[in-house]
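Worksheet: the structure to be examined is printed underneath.
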Amino acid sequence: MLYRFAPAAAAVLVAIVLPIAGTPYLIDVGTLVLVYVILGLGLNVVVGYAGLLDLGYAAFFAIGAYTTALLMVDYHWPFWVTLPVAALLTALSGIIIGTPTLRLRSDYLAIVTLGFGEIVRIAATNLTFTGGPEGVYGIPHPRIGMFVLRSPQAMYVLAMAFALLVLVGSYNLARSRLGRAWLAIREDEAAAQAAGIYPVYFKLMAYVLGAVFAGAAGSFFAVKLTAINPSSFTFIQSVTILMVIILGGMGSLPGVILGAAVIVMLPEALRAFDQVRMFAFGIGLIALMLIRPQGLWPSRIGQIERRVVAASAASIAAGTGADTVASTE
Amino acid sequence: MRRVLGVLVTLMLLVPLTAPGAGAQGAPIRIGVPVPLSGGNAKMGDDIAKAATLAAEEANAKGGLLGRKVEIMSFDDACDAQQSVTAAHKLLDAGVVAVAGGYCSSAAIPASAVYHDAGVAFVADASSNPKLTDQGFENVFRVIGRDDQQGPYAAGFMMKTLKAKRIAIIHDNTLYAKGLADATNAALTGRAGVQVVFFDAVTPGEKDFSAVLTKVKSLKPDVTYYTGYYPEGGLIAKQFKDLGVSGKFMAGDANNDPTFVSEAGNASEGVFVTSTPLPQDQATAKAFIDRYKKRWNQDPGPYSALEYDAVNVVLNAIKQSGSADRAAIVKAIAATKMYRGATGAISFDKKGDRTSVLYITYIIKDGKFVPYGVS
């Protein structure tokens, strides 16, 4: 039992002590970890729960960030009011992109989402109202009454509130009827359909929920940086978010948190390497994937599956379980 | 086993958290230098960091400042908005009293907000996008000119010296390149007999620009002005010549680098580059170049002298105010009047922009950048 709770307890302790005892830099790194936790949890709904490979996830991140930034700068809306608008717009774009494309099988979906990610970034670069390559500057800090959330501590607490909300949401989603439907579709779409689950609807739900999570992360990102431009929403950003969940373990909530921590903190810890920093980061990631191909903290369902598959493979090898491999997949 | 590993990884992640924080009183005076040390602009970052180190070493050889040593803290901002903000916090944590550096405008602008909140002076050496100082932060200065100063200069050169009538402008949609392209375009628009026949962007990182250049060729320009960075600039110059596009090829100051020549090969001959003068073409910079070469065994980069001046402006401000207090430094830098740096006299206007910036045009001859009539 101790093993199970020790890491979680350590993480909670760090999360609480950091804003009190940490320097602004450490708090800023912690805030960035939380941004990637939100993004990772969102993408985890799409990739981890529903098994849809999305390579353009940064697009929703961008839509959320731009919505908040533009509403705050051009129309002087308060931060909190921009949140539902950002959620609505990301959900809407998720529906528009998802409805036609989610009928496609995995590889094709990956290509379409990849294209979507690039379209959003290039549109933001070329449109005038998004500020072109200069993006949006002078985004105000959010305020509660007269209190302005400006300090790294305040931003950290705000990010933590977002992250906890998304974490609880993700946890409940996985255990809901929706979550079980996603699991069924991910494992065998044909069988799920036979059992009365309409795959396109549930896939769309996953896609849209994931988009809304990313939109929330984007809204926060805009007020944290106070300046956004399209270069923050490149394909590499989508890949980085994907890396968070693959590194952590797909479908696993502690895995996503751990993955986000590694992706953000490893390059910071490697600052001593200076010019070969990103090179060392790459080597570190390859090493981690070789040592832990299932992720740092894989989901328990995934582990059980692997055990079952290994057992059936063993029984096939023994020549006794030929009837268990009816499916050609 | 898995759980033990989980605990271990968690513990490993805690290690960076225990790193030491801000320095104590009486410690060295720390100047922050955020520069790209990874990615495509790493060479520029390296050149800039070396110039900053040289400035600090020279100050220390003279006994330091206020009886304290000067120390340069240089961190990688990767030319990325997000990373530059993290690097900015890291510099503030390290207890820097002022910041002098930066390269990409897209990284410098978000970071400038962090420095502003902390009340730390930020002297940019190479970020020329107008927005950096247009934000109205009283702590932000720059020793380089603005893109909207280079744009009119480039426009004037094309119209008057090259007598161009049909002008094509190519940028790469990055903050700096678009800004320079817009400023040039604005200065050309409405001039009698002059027409901007092409205004569009290429994608950074691409290698084949024949689609764009074929379009440009069909428009028969007298001059094609490329405002992006040198990694693409060299290739564009090469393909420009290969495709036989009419007229001259001209490029903005981010192409003022030997890499441009090595990429373009023979096609670089006769290419014009608008730029602030390279250190070796400025009488004031001669002593700096000699010392830089002696210290690093290599030629200074295009922004080395500017960074050297940026650091020295900060050091001069500390000397003038007699204090290493962050707010006092901001005040003293704003009051800088005709500081004699390696790139000439330095004063700042109300916005923090440098007054009287000189631009010249280079022509590439035998693979070397040769000044083409100083204006």
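Using the three backbone atoms N, Cα and C, a Cβ is placed for every residue, glycine included.
Residues annotated as transmembrane segment in TrEMBL: A:32-50 (among others). Non-local neighbours of the transmembrane segment (A:32-50) in the same chain are 57, 60-61, 156, 159-160, 162-163, 166-167, 170, 173-174, 179, 182-183, 185-186, 202-203, 206-207, 209-214, 216-217, 220-221, 224, 240-242, 244-245, 248, 250-253, 256-257, 259-261, 263-265, 299; each lies 6+ residues outside the stretch with a CB under 8 Å from one of its CB atoms.
The transmembrane segment annotation in TrEMBL covers A:55-73 (among others). Sequence-remote contacts of a segment are chain residues at least 6 beyond its ends whose Cβ falls under 8 Å from one of its Cβ atoms, and for the transmembrane segment (A:55-73) they are 39, 42-43, 46, 79, 81-83, 85-87, 89-90, 93-94, 110-111, 113-121, 124, 129-130, 135-140, 210-212, 214-219, 221-223, 228, 230, 232-235, 237-239, 241-242.
The annotation transmembrane segment is assigned in TrEMBL to A:79-98 (among others). Tertiary neighbourhood of the transmembrane segment (A:79-98): same-chain residues 59-60, 63-64, 67-68, 71-72, 112-113, 116, 140, 142-143, 203-204, 207-208, 210-212, 214-216, 218-219, 223, selected by CB-CB distance under 8 Å and a gap of 6+ residues from either end.
Residues or ranges marked as transmembrane segment by TrEMBL: A:154-174 (among others). If you look at the transmembrane segment (A:154-174), the same-chain residues 6 or more away from its ends with a CB under 8 A from one of its CBs are 15, 18-19, 27-28, 30-31, 34-35, 37-38, 41-42, 44-45, 49, 142, 209, 213, 216-217, 220, 223-224, 251, 253, 257.
Sequence annotations record features per position, and here TrEMBL assigns transmembrane segment to A:204-227 (among others).
The transmembrane segment annotation in TrEMBL covers A:239-266 (among others).
Marked as transmembrane segment by TrEMBL: A:278-297 (among others).
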